[in-house]
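Asker: TrEMBL feature annotations, pasted as is:
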COMPBIAS  1-16  compositional bias 'Basic and acidic residues'
DOMAIN    72-464  domain 'SLC26A/SulP transporter'
REGION    1-30  region 'Disordered'
TRANSMEM  112-136  transmembrane segment
TRANSMEM  148-166  transmembrane segment
TRANSMEM  171-191  transmembrane segment
TRANSMEM  265-287  transmembrane segment
TRANSMEM  330-353  transmembrane segment
TRANSMEM  365-382  transmembrane segment
TRANSMEM  402-423  transmembrane segment
TRANSMEM  430-451  transmembrane segment
TRANSMEM  463-490  transmembrane segment
Amino acid sequence: MEPTKEQPHVTRDPDLSGRGTFQNQEKSFPAKAADTVTSCIQTEVAEMCTKEFLHRRFPITTWLPQYNFSAFIQDMLAGLTVALTLIPQSMAYAEVAGLQPQYGLYSSFMSCFVYILLGSCKDITIGPTAIMGIMTNPFVVQNDNPDFAVLLCFLMGCVIVLVGLLRLGFLVEFISFPVTAGFISAASITIGSSQLKSLLGIKGSGNDFLDSWENLFKNIQDTRPGDVTLGVCTIILLLIGRKMKDFTGGRRSSSAVRRFLGNTIWIISISRNSIVVIISMILAYVLQTKGYEPFKLTGEVADGLPPFGPPPFSTVSHNETLNFEDMARIYGTSLLSVPFISILETIAIAKSFSKGKAVDASQEMFALGLSNILGSFVRSFPTAGSFSRTAVNNASGVKTPLGGLMTGVMVLMALGLLTSTFAYIPKATLAGVIISAVVFMVEYEMIPLLWRTKKADLIPMLVTFVACLGLGLDYGMLIGIGVNLVFILYSSARPKVQVRNLTIETQEVLLLTPQQGIVFPAAEYIRDTVFRYCLATESNVIVVVDGANVHHIDSTVAKNMTLLVEDLNIRKQ
């Protein structure tokens, strides 16, 4: 067996315009990293002068010239429909984040306008989500200051824009589907658990899974019958409203009466959150005017539009002044985990609703990041793509991202005209809205699917799920990714080798075929595996290592193969 001559390893500079050059890979890692960043920036600057760049960075330039009045009407109707879902949801998700309801509305309108210019998927709506709320909550609650939510929004946007410009979105692909499913399921249960205190009307501040249940058992005796009744009724009505959408087939009927009934049922179904909130708000107001207070209410809400200004780079927490460095230290690893979860949510939704079209992940990240950066100037907390509202947008027949115009205007109108009425929204109603939404986010159907396809995938899913519930979402996600990387590294370090004993013209041949490329963690393993099979054969058997499936190796593998040849030469094989 002859050793393979080692070829000089070359690499292609990352030049996405297709004009890359080849050079020997002899630079140090920091130098290569700097070259990569410089190359990406140079490519971006060069492309900024082209028409293609304008269309890619501002997708509105591709569809606006063909825009017509019919599409405008359809977009406005879809935008209005989304607003009816967004307004109550955003206030509920502000509660998840530990903020007053108006912060949900502050977080809802800027992204509508930004996405009109920068969005490449007509269906996506960016705004508050339950997961972003629960990941923001610890910083708001522990420091008793909403400034932490606003600055996190700004920093998250900066990270996302940087990731998009450097085309690093592929890093999200290291978060496998089982890890994502475990994280989302744990986040859903954590969010639902955090709302039990509002649903039952009891005191407490626990928002982690374990803290929430500990608080529940400590204060269960203080349960308020009015809040429980209203909260349970809210959940039941919302679940019925969700089911009603299955009975809207008459919308396409030739009968005018059936079309009217179908459209009416559909409108009630998608507006169920708004309807329930309005009814409970009126009920609370009427009872309060008669001297009854059976529900805990949201309380005083700041009137009008949010103040416009840069995010706070210093603040006061527990009578202590904190500068930017202090605040950044408090965020810790969340400065990376929160942006990547937001990217993961948004890109997954974009792919789900792309309808066969290619998704420009870098552009979606640019739009998402800029939405958060500009949103922080109007007191927004971190936002991401919302699956439920995107589904409503799609079902409403939206034609372009311009539907966000009506959604944004409706949110601004709610802020300008209705904030004084928000004080009468019962907390139990908002808790019911949240619980009825997150209960469908638990990925329980993934367990039998993974069991049938690849049982080993259950390990990262369950580890992520348990770690998120026990240690918190941030650490749970990191542990899940770590387990995933261990699986990837193990697969690289232990490649499968097919072994066949052949007889060719009376000569016995031992044929060993690695089933994949070989990299340095597998070098010793491959050498030992081949030599072990050789020892089990007679010395006159010829050993052949078939490299048909090996499309890449490195110097460590080449060195070990050379040593293997020397070992086999000693055995005359």
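Every residue, even glycine, has its Cβ placed from backbone N, Cα and C.
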Asker: Which sequence positions outside the transmembrane segment (265-287), separated from its termini by at least 6 residues, show Cβ-Cβ distances below 8 Å to it?
Answerer: 81, 84-85, 87-89, 91-92, 230, 234, 237-238, 241-242, 244-245, 247-248, 250-251, 293-295, 297, 392, 395-396, 421-422, 424-426, 428-430, 432-433
Asker: Counting Cβ pairs under 8 Å that sit 6 or more residues apart, are there three or more between the transmembrane segment (171-191) and the transmembrane segment (402-423)?
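Answerer: Contact absent: fewer than 3 Cβ pairs fall under 8 Å.
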Asker: Counting Cβ pairs closer than 8 Å, which of 112-136, 365-382, 463-490 has the most of them with the transmembrane segment (402-423)?
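Answerer: Top-ranked stretch among 112-136, 365-382, 463-490: 112-136.
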Asker: Can you tell me which parts of the same chain pack against the transmembrane segment (112-136), counting only residues 6+ beyond its ends and a CB-CB cutoff under 8 A?
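Answerer: The answer is 57-60, 82, 86, 89-90, 93-99, 104, 148-149, 152, 184, 187-188, 190-191, 194, 207, 334, 337-338, 341-342, 345-346, 349-350, 353-354, 359-360, 363-364, 366-368, 370-371, 374, 381-386, 389-390, 393-394, 398-405, 407-408, 411, 434, 437-438, 441, 473-474.
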Asker: Express the predicted model's confidence over the domain 'SLC26A/SulP transporter' (72-464) as a mean pLDDT, rounded to an integer.
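Answerer: Taking every residue of the domain 'SLC26A/SulP transporter' (72-464) together, the mean pLDDT is 88.
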